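J.: This is the feature table in TrEMBL:
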ACT_SITE  167  active site, charge relay system
ACT_SITE  242  active site, charge relay system
ACT_SITE  552  active site, charge relay system
DOMAIN    53-134  domain 'Inhibitor I9'
DOMAIN    158-589  domain 'Peptidase S8/S53'
DOMAIN    381-466  domain 'PA'
DOMAIN    667-769  domain 'Subtilisin-like protease fibronectin type-III'
């Protein structure tokens, strides 16, 4: 499958075809509602100067707006003042925003941008940014069941909740979007099913309730499509498979109504993303699922952070992928505290495809190739590993493998650089009969599997070393692949996916990111009928489902869980829903042992609060709630300027006054993160819990302090007489680390409020402590 990962927003876009930004709205039941799609582009134009897309943010109560009958004409007036008199300003305008932010996107030169910055009511001007896609049994693994008294049943399978999914579109004919048994579309729904290429209004139903595409930001790109890229539809129809996969994960037939926000295969431009969020707010989604991102950005430069703040103000939960740049430290993206940031984990499902070497020894591998039903696929063959020269033959680039060396043989290909499935195509084109995909030291033991175009298996780095040693010490090495189908429950899980982006939070040490992890490795979900299971143009096979890996796959799992919670508790805020997911998360695997990250126990910078547990999240007992105003105060504590806070929140505040009125303020976040700077030895933090369980509930605190730290909590007992009653407590975190002792850069622990009469309600917060 594809190895999709984030790239820095300031790098030039890869060659691409027009992107598709799609919003699909689903109903969390065996029903789905689809909402929209947007195409993204970048432009080098043939005007006198280079044109580029910029997002221009305006003051929401601008003094010049009263001179115009509509916001659209007001927005257009800024271009009228900037462009030459003979040019039609409307030809440069791409989008006019009013919900996600006040402002517009337009094609401008650098000279015009400087003129624009000097006009009244212009708050900020940002260049358009390309954000990359962060690319079943998983629900059973999460403990969801239609027959037990769990999250599905308690939420009525998410009845009435609408999910907006931002991704590459949807294949509406997929069985995952069938609407049998679905209730009528909610009357509050204000969206539409936008027609386009091979997509009619009748493509939507009571499950896929709406679809839109946003192409303007992408369409202004003059970058031609590459030869090996599938043509994309100028409509909400998915041509790459990523959007169909994620939207069916979030809101497929066993869960609610869904609306999907989708990008094109090459990624999405922020101008199109803002347009999709803008419309989603108006249309009435309850949950926004964004399986895309990049490297972390300051919040005032982050269009997703800015648009999602407005969404959260409207009561919409925003769930985002953490990114695929792990295991690099501080690589986690989508770090705004109002966003739920999701890392990726493994399942206990394996697809064994074991290599039996000619010396009788075995090397463990995995594959989705259906070799078990094809005896010829398990034939013993001569092994070959083509190296040397500068053709990239060790990576099995297309055209790099000499036919006389590989014909009829089993070819070893190193992982990396080009796509995993693409290597199999290269081997097949050169006449190879089978392939072993060998992890390098970069990938270690990560086991992302694929439905290869020829008999193939992927092996980990340690096994690759063993295999190559055998080949180096044997004159005529041979091997056969033994395909064993699917095996469940024999391996430890969940574990952290190696590619899952890691903390600590680059721009805010008081907010631990990612928030949680969820299944994101080898996830089987819906797939469009225009593609083979590998997604490559050369793959002529057709399937309804395929496997993908990435935080893109983890994100919609949590979006679906958020929709279930919203259905069970429609009055809860996005912060309450996120708190329920975080404080109920598991810190141990299904065997009761620590969640692993490779060969060591996972740190909080890899798993956040832990692995999602939907059956506990739907009934958390207590929640940490946050009002939008509190996020503004938090930004003040971080030292953001007045103009930066206005850019993010559209609120004109005096931080000196805010901080004076809220001395000792701590954001009421479900996790606890403390950074000791030089000379600081203690910090006091306040938290506020709200009872959403039973009246007359008593909770006692249990603390596992981080190494080198003393933790005091007062009071140690909370007595809730009523439902929705809130009580506060204080935490003193005291550093015991001496400067002359061995350097400790960070330590972690946990704080748990235990219900005295109900062992089910355990409200756990991870504690992260760093020394700078």
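From the backbone N, Cα and C atoms, a Cβ is placed for every residue, glycine too.
All annotation found in TrEMBL is predicted automatically rather than curated by experts.
What does the local environment look like for each feature on the list?
T.: Cβ neighbour count for residue 167 (active site, charge relay system) (all protein chains, 10 Å cutoff from its Cβ): 37.
If you draw a 10 Å sphere around the CB of residue 242 (active site, charge relay system), it holds 31 other CB atoms from the protein chains shown.
Broken down with DSSP, the domain 'Subtilisin-like protease fibronectin type-III' (667-769) shows 0 helix, 61 strand, 42 coil.
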J.: In Å, rounded, how far does the Cα of residue 242 (active site, charge relay system) sit from the Cα of residue 552 (active site, charge relay system)?
T.: 9
J.: How big is the gap, in Å, between the Cα of residue 167 (active site, charge relay system) and that of residue 552 (active site, charge relay system), rounded to a whole number?
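T.: That separation, Cα to Cα, works out to 9 Å.
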J.: Just counting, how many other CB atoms are there within 10 A of the CB of residue 552 (active site, charge relay system)?
T.: 34
J.: Any idea what the model's mean pLDDT is for the domain 'Peptidase S8/S53' (158-589)?
T.: 87
